[in-house]
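S.K.: According to TrEMBL:
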- 35-52: transmembrane segment (TRANSMEM)
- 64-82: transmembrane segment (TRANSMEM)
- 113-134: transmembrane segment (TRANSMEM)
- 172-191: transmembrane segment (TRANSMEM)
- 203-223: transmembrane segment (TRANSMEM)
- 243-267: transmembrane segment (TRANSMEM)
- 279-301: transmembrane segment (TRANSMEM)
- 321-345: transmembrane segment (TRANSMEM)
- 366-390: transmembrane segment (TRANSMEM)
- 410-433: transmembrane segment (TRANSMEM)
- 454-471: transmembrane segment (TRANSMEM)
Amino acid sequence: MLGYLFAYNIINRSSQAVPQNKLTPVTPALWSSRFVFIMAAVGSAVGLGNIWKFPYITGENGGGAFVLVYLVCIAIIGLPLMMSEVMLGRRGAKSPIGSMAVVAKAEGRSPHWVGVGIMATLAAFLILSFYSVIAGWTMPYIVSAVSGQFSGISAQSTGALFEDLLASPWQLLMWHSLFMGLTILVSAGGVRHGLENAVTKLMPALFVLLLILVGYAATTGHFGEAVSFLFKPNFSALTAESILVALGHAFFTLSLASGAMMAYGAYLPKNVSIARTAVVVGVMDTCVALLAGLAIFPIVFAHGLAAGEGPGLIFVTLPVAFGQMPGGSFFATLFFVLLLFAAWTSSISMLESLVSYLNEKGISRVTAAIGGGLAAWLVGITTLLSLNVWSDFTPLDMFARFEGKTLFDLYDYLTANIMMPVVALLIALFVGWKVNPEHSKAELGAWHKVWFPVIRYLSPIALLIVFYFNLK
Ligand code: PHE
């Protein structure tokens, strides 16, 4: 997410020197350093996926074995794919759709490969629509934290508080609108100076705060139980579907198969090592998710809460912990502010796929950001309604796979478990089989030796196996 901010800064400064016609797409400027790119990519990767989604799907899918599959997916599919996407973005130097077109043409391949960019952009758009609703939840939690409402709160009361929030479409609409507004604001270029600074400080702050929470969780007397829940694999809890969920989440959490990393890759200077950078981003993202798990599950067990509680997990458990620790209101406020910020930097990167494409088509950045953001906001309203008035509306009940799924569940399933794995497979096939290995070698250097066989054989085979067992 942050990536764009920095890029915009640079673009904006240069556009003052050379006046641009409003309709001329701006040529992307480069990140000022590898560090800035890493911060931008980490900003995109670290978000609700790590702190909200990872713990709750781990709880729903039985813990250890699921975590292990997730880590394997990150290593053998996620990281090689991140390298591929950044590489495609840097070579194409355009929006994800534009870059796919440029590289397919340069390699003498079918122009239809551009469809991969289109599907990725569509996935990012759909994710943004519901991501904004969930990110909106952090805001009333900031208000409650500031007003000291969590002090001494019981698990029952936090549950009731969360249910009240979900039951109120107007409240949800207000926070969803506010969050989407913030996303559009940055994407359109409204926020400029000082953000690079803010981001490089806020991300580490979130990290430190998670460490403090883990420290607190260690005092609950249930830390060991949480560690074995997270790291002791019990394969009987694992189903074909949970493997698909782990795979989909590996893409979601690393911002892959959605154009975000391709869009940011377009701004990466040629002399930066793509592979090393991807490893750093992947490791940081994974650490944040595991820390979130270590902070949350001891509290879940200490208070007899259900690990499979679902999307409300962190909103029901963490306030209880904050309510009992010294300085709880302060830490709670800080936590939800940082979570909001992490979600914000991710949502900006989701919108970037579409905005950079529209921008290439001659639409100004401001118009593209407002138009794209508003469209995602509208779709998001169907998500927030599915949490209350439409909670019984499960339109695809005729298919066993989709039975009982609300619109929100369906968007989540469609993006993470179908669109992202399909985009990922196509990208792996494209870079593994359609791009001349000499060309990918020029981009990846010494790492090519390891990356190439993995992306050519291992990743597609692993993806096909997961598909096979899910469609069977
Ligand atoms: N990686 C982000 C998170 O974990 C979500 C995201 C998905 C961002 C796709 C960009 C693109 O919260």
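Note that Cβ sites are derived from N, Cα and C of the backbone, with glycine treated the same way.
From a predicted model like this one, the values you see are computed outputs, not experimental measurements.
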S.K.: Can you tell me which of 35-52, 172-191, 279-301, 410-433, 454-471 gets the most C-beta pairs within less than 8 Å of the transmembrane segment (113-134)?
M.R.: 410-433
S.K.: Taking 64-82, 172-191, 279-301, 366-390 as candidates, which has the most Cβ pairs under 8 Å with the transmembrane segment (35-52)?
M.R.: 279-301
S.K.: Hey, which bits of the same chain come close to the transmembrane segment (203-223), Cβ under 8 Å, at least six residues off its ends?
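M.R.: Contacts with the transmembrane segment (203-223): 39, 42-43, 46, 51, 287-288, 291-292, 294-299, 301-302, 318, 321, 325, 331, 334-335, 338-339, 341-342.
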S.K.: Answer yes if the transmembrane segment (172-191) and the transmembrane segment (321-345) have at least three CB pairs under 8 Å among residue pairs 6 or more apart in sequence, and no otherwise.
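M.R.: Per Cβ check, the transmembrane segment (172-191) touches the transmembrane segment (321-345).
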S.K.: Under 8 Å, at least three CB pairs between the transmembrane segment (279-301) and the transmembrane segment (64-82) (pairs 6 or more apart)?
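M.R.: As far as Cβ distances go (cut-off 8 Å, pairs 6 or more apart), the transmembrane segment (279-301) and the transmembrane segment (64-82) touch.
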S.K.: Hey, would you say the transmembrane segment (410-433) packs against the transmembrane segment (321-345), going by three or more CB pairs under 8 A that are 6+ residues apart?
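M.R.: No, since the transmembrane segment (410-433) and the transmembrane segment (321-345) share fewer than 3 Cβ pairs closer than 8 Å, they do not count as touching.
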S.K.: Near the transmembrane segment (454-471), which residues from the same chain, at least 6 beyond its ends, have a CB less than 8 A from one of its CBs?
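M.R.: Contacts with the transmembrane segment (454-471): 73, 76-77, 80-81, 83-84, 240-241, 243-244, 247, 421, 424-425, 428-429, 431-433.
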S.K.: Short question: which residues 6 or more past the ends of the transmembrane segment (64-82) have a Cβ under 8 Å from it?
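M.R.: That would be 54, 57-58, 228-235, 237-238, 242-243, 245-247, 249-251, 253-254, 256-257, 261, 278-279, 281-282, 286, 293, 424, 427-428, 451, 454-455, 458-459, 462-463.
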S.K.: Do any residues of this chain, six or more beyond the ends of the transmembrane segment (366-390), have a C-beta under 8 angstroms from a C-beta of it, and if so which?
M.R.: 125-126, 128-130, 132-133, 166-169, 172-173, 176-177, 180-181, 183-184, 187-189, 351, 354-355, 358-359, 406-409, 411
